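I have placed the structure first, in the form of structure tokens, so that the comments after it can refer back to it.
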Amino acid sequence: VFITGYAVMAGAAERLVLGYDSFGNICGRKNTPVKGAPLSGQDMTNKKYVFFLNSCSLEMQSLKISSLSLCVSSCPQEQLNSLEDLQSFARNNGSCLCVYNLNISSYTLNPKAAELCPTLPVPPSKSFPLFNRCVPQNPECYSKYASVLISMVNEMDVFHRILSGILAGRDTVIGLSVLALAFSFILVLVFRFIRTLLVHTLIALVVFGLLFVSGVLWWLYYDYRNDPSTELETEKENVKFLLGYAIFSTIVTVVLLSLILVLRKRLQFTVQLFRIVGKIIGRIPFLLFQPVWTFLILIAFWVFWVAVLLSLGTAGTAQTTSGGQVEYRALSGIRYMAWYHFVGLIWTSEFILACQQMTVAGAVVTCYFNRNKNSPPPHPVLSSISVLFCYHLGTAVKGSFLITILRIPRIILLYLYSMLKKKESACAKCLFKCCFCWFWCQESCLRYFNQHAYTTTAINGTNFCTSAKDAVFILAKNSAKLASISCFGDFILFLGKVFVVCFTVFGGLMAFNYHRELQAWVVPLLLVGFFAYLMSHSFLSVFEVTVDAMFLCFAIDMETNDGSAEKPYFVDQELLTFVSQSNKLTEGQKHRSRRPFQDNEDGTELQPMV
């Protein structure tokens, strides 16, 4: 709350988006006066472009361009050679290229007009679409202008370059987020009405997407590396990040293709499993709409988070200098607040997803432990939401906080690894990679146990720690019977998430590749991939949580009941038959693998849970 209030009060994200003049006015909006600056506080609604009075001989001084800058309504399309030309341009186009306090009629009469107007001749210029600057088109002026702009961007710190990249590609990021939403919704329909052909098609698309994205990343890396015009620091960072993306994508592709090859024989059981899950979801009204609300809440939070981040990046105090000009000085400690703000992004996003998981788990538990399968309980989703908000918000907070704690060391390791790349310490790099993989594995395991802890909370109504302990005990006791059944189902769902991320990132690569200039687009691309994964996870987690909750309920049902008239099972016959057949298949595979070594031994066969 403190950071949000401070960012809103002290920040001005419009300065990055719209640009501002030398007198503290943001172009394209109405401004408030700055004390000690008589030309500040003007209405610049119709003046959207930044024009430098000395565009042909710019100089850099402490990350500032020395020339005076003004907000103008249009850039001069033709060369202006005299004050009369400036006066005529202002009258015909309504765009004044001299300092604001000089009247148009005084351009040719005021003896100080040469100081208050641009250096003559004024070269023809054109507005630059990313930063709303009037860029001179004269070759000599353009080369000087570009060199100064390159120096300014290269000397900016990484934090501000990232902000500039996000702002420059904001429309692309929004469009790609909508694309990820569309892909996620299509996959929900596919898994709801799944058939064997659809599963084969999904796997084929995932394989194609992985290979294609990896190939495009490697192609872009070589294209950027061999481009002789790569001068900006942002473009050099793009090359480094592209190499990292390409290596990571290649490793993921090899691992997933190997897993697909190994697990291909259990494909038919996966189709049968999702048919059962589809029937359970069909008994719960509006369960598939739960990700829509989660998505809307996530979008609202992300927009709010980005707005606060941009405000933090532009937070500073306006200080008046000689001649009534205004400079914005960044305050110390902003970067630390930005890191804290980033932790808030992870924790809050995970908390929202945890609330959805608990809602879905509660609805599935209510329907599973209902004796009359033909008459499901009324409004199970609303009942689960009310129980969550009344009793179990602390459980969602604790679970999401644990995931955040494990994710923060990964971010720190990535930062340290980027620092060590400059020193070329091979042993340290290997150590950091191993630590990173270890934290990633721990986070994946924690997500798995958190999900079952949420389901146990929905069943028993206990707190997070007690539910986690009970879930671990139940899973440890029944892991041999249930792990092989749900493992491949979770893997197919994970491939669905990979499908969304792959094709969204591919769209981002194609879109951002057309805007290479002055953009640190690798970070927006990383954000797009992160958002795409969260969206796909939000939608497909309905099936994932339903599968895990269903089997956990099944295990508890088998523990507490014996199928007699006094203690009948809650499970329906279709699920019971499916578990029995799957266990027989698993045991048959184990028996065949042991047969050459146990011809004269009495093997122990795992009996199905019936």
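Placement of Cβ uses the backbone N, Cα and C atoms for every residue, glycine included.
Annotated features, as they stand in TrEMBL:
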REGION    586-610  region 'Disordered'
TRANSMEM  173-194  transmembrane segment
TRANSMEM  201-222  transmembrane segment
TRANSMEM  242-263  transmembrane segment
TRANSMEM  284-305  transmembrane segment
TRANSMEM  338-365  transmembrane segment
TRANSMEM  491-512  transmembrane segment
TRANSMEM  518-535  transmembrane segment
- prompt: Taking 201-222, 242-263, 338-365 as candidates, which has the most Cβ pairs under 8 Å with the transmembrane segment (491-512)?
  reply: 201-222
Task: Go through the chain and flag residues at least 6 beyond the ends of the transmembrane segment (242-263) whose CB is under 8 A from any CB in it; none is fine as an answer.
output: 203, 206-207, 210-211, 213-214, 217-218, 220-221, 224, 488, 491, 495, 498, 522
Contacting positions for the transmembrane segment (284-305) when only residues 6+ beyond its ends and CB under 8 Å are counted: 177, 181, 184, 188, 192, 341, 344-345, 348-349, 352-353, 355-356, 359-360, 363-364, 367, 376, 379-381, 531, 534-535, 538-539, 541-542, 546
Task: Go through the chain and flag residues at least 6 beyond the ends of the transmembrane segment (338-365) whose CB is under 8 A from any CB in it; none is fine as an answer.
output: 3, 159, 280, 284, 287, 290-291, 294, 297-298, 301-302, 305, 308-309, 312-313, 380-381, 383-385, 387-388, 392-393, 395-397, 399-401, 403-404, 407-408, 411, 450-451, 454-455, 457-459, 534, 537-538, 541-542, 545-546, 549-550, 553
